[in-house]
Amino acid sequence: MEIDDCVIDMIQVFSKINREVPEKAKKAIVEIERLDILAKKEMEVAKKHKIEFFANYEEMTAEQKTKAFTFMQKKMAKVSEYSDQKIEIASGLKVLLKDVYGKFMEEEQKFIENLNKIPKAPETPPSSSPSVRSHRKKKLSEGDDDAPSSVDEKKRGRKKKPESEKAVAAAEPPKMYCWCQLDKNDTMIECENPGCKYGWFHFTCIGMITAPAGDWYCTNECRAQGLAAVAEAPQKAPQRKGLKKKK
């Protein structure tokens, strides 16, 4: 299995966890709370009859005593039944979480094993030749706008954004990149596929030490899409956005 396949499998496991586990856990908790309420009501009824039973014990006939005692037994049996149902639901949820955790650990192990098989790319000195793509690093400051694309906008000579657009952009939540969806201090590399869902990836998340000399794609699927886009519009070959230091 290739590294791309392992990554795709891990993403699918993450998606399944985010899609199924919270919903099933929520339903289980709601059902347990419902059973708690029912058990509490039965306990209150049993307690009330118990008090009345002992208060009127001397005046009650043998038949009344038997009926009262049988009634309290039924109520306590119902409470026990609700408790068993709660335990069963909690046990099922525990099994679900254990299975999901085991599946994730299995995919993680496959990813690590395949990652160790990848040969380390040798460091190459940056080239000033226009025919060779170079990877540029950029350290972002707190005042940068549209972090990943700001360098390209300057190189393509785009006009500075109006203040109104900057205000709107500042009000929007920052876009999260990489499979981890975390904002952390790490060097990032961009997938050459313009339609890539994540765009930028942390070196530590993909096991990269040095940037490759040529184009880089996060998965084979992105590679196919990116090359297809270049083939359809060869006059608009994508320009390398390079690397950046994420803080």
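Glycine residues also receive a Cβ, built from the backbone N, Cα and C atoms like all the rest.
From a predicted model like this one, the values you see are computed outputs, not experimental measurements.
Features reported for this protein in Swiss-Prot:
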BINDING   Cys178, Cys180, His202, Cys205  Zn(2+) 1 binding site
BINDING   Cys191, Cys196, Cys218, Cys222  Zn(2+) 2 binding site
REGION    115-168  region 'Disordered'
ZN_FING   175-224  zinc finger
Residues within 8 Å of the Cys178, Cys180, His202, Cys205 Cβ centre (excluding the Zn(2+) 1 site residues themselves) | Tyr177, Trp179, Gln181, Leu182, Lys184, Asp186, Met188, Phe201, Thr204, Ile206
According to DSSP, does Cys205 (Zn(2+) 1 binding site) fall in a helix, a strand, or coil?
-> helix
Candidate with the highest Cβ count within 10 Å, taken from the binding-site residues Cys178, Cys180, Cys218, Cys222 = Cys218
By Cα geometry, the one of the binding-site residues (Cys178, Cys180, His202, Cys205) nearest Cys196 (Zn(2+) 2 binding site) is Cys178
On a count of neighbouring CB atoms within 10 A, which of the binding-site residues Cys191, Cys196, Cys205 is highest?
-> Cys191
Residues in the zinc finger (175-224) per DSSP class, helix first, strand next, coil last, are 9 helix, 8 strand, 33 coil
Per-residue pLDDT averaged over the zinc finger (175-224), given as an integer | 84
